[in-house]
Amino acid sequence: MNGAVPMLAIDGPSGAGKGTVAGLLARRLGWNLLDSGALYRLLAFAAVNHGVDLTNEEALKVLAAHLDVQFVAADGSHGQRIILEGEEVTDVIRTEQVGAGASQVAALPAVRDALLQRQRAFLEAPGLVADGRDMGTVVFPDAPLKIFLTASAEERARRRYLQLKAKGADVDQSALLEEIRERDERDSQRAVAPLKPADDAILLDSTEMSIEAVVETIIRHCERQGWDV
């Protein structure tokens, strides 16, 4: 890892607000942004489009290595537009169905290996904010600042419910809660790169915090690193 480039790793479970927080921090700091979860969502989405079974590890490995994807800076909660094979898929890949597929393919060792260098390539000047589930433990283990952002499963389900309702979706909050609990178990129990805080990560529980408060808290930690914020 390029130690001369400032690096902030944000990990945490599904629905903790990592993507929104990372996007806001990247804009605030003027840094590059890596939404690693989007890569796994893109792979699951592309696999379905190309008729690749989500359990076919070898085929998924090949697809992961050749994903034709572009991340374009933009306004909005995620801070970027995502272009896959020439078509914008920014919102399409955010569905619960694609998320479940992403969690499934992310458990495959060959897939994680195929995407590892692709993720590390995002580390460029002036700095990088990376969010995911193994940023501080596997992808960027030497990151000088690591945040593990979490919230109760109930609060994460509530946030997701409000988010989906705002988009006009017909959703059941209790079903969302069950899905979140199942995904937490799957992500934390997988054999490769399980979801867990890095030993040197700062734990931040956002259950009772606003997005703005979370961002400001992390900014204070950035200041302690001596970074220009």
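In case you wondered, yes, glycine gets a Cβ from its N, Cα and C as well.
Features of the protein shown, as given by Swiss-Prot:
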BINDING   Gly12, Pro13, Ser14, Gly15, Ala16, Gly17, Lys18, Gly19, Thr20  ATP binding site
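Other residues of the same chain near the ATP site, with their Cβ within 8 Å of the Cβ centroid of Gly12, Pro13, Ser14, Gly15, Ala16, Gly17, Lys18, Gly19, Thr20, are Val21, Asp131, Leu149, Ala151, Arg156. Of all the Cβ atoms in the protein chains shown, 26 others lie within 10 Å of the Cβ of Gly12 (ATP binding site). Cβ neighbour count for Thr20 (ATP binding site): 19 (other Cβ atoms within 10 Å of its Cβ, all protein chains included). Sequence-distant neighbours of Lys18 (ATP binding site) (same chain, 6+ apart, CB under 8 A from its CB) are Ile10, Asp11, Gly12, Gly37, Asp131, Gly132, Leu149.
Summarising the environment of Ala16 (ATP binding site), the number of other Cβ atoms within 10 Å of its Cβ, over all protein chains shown, is 26.
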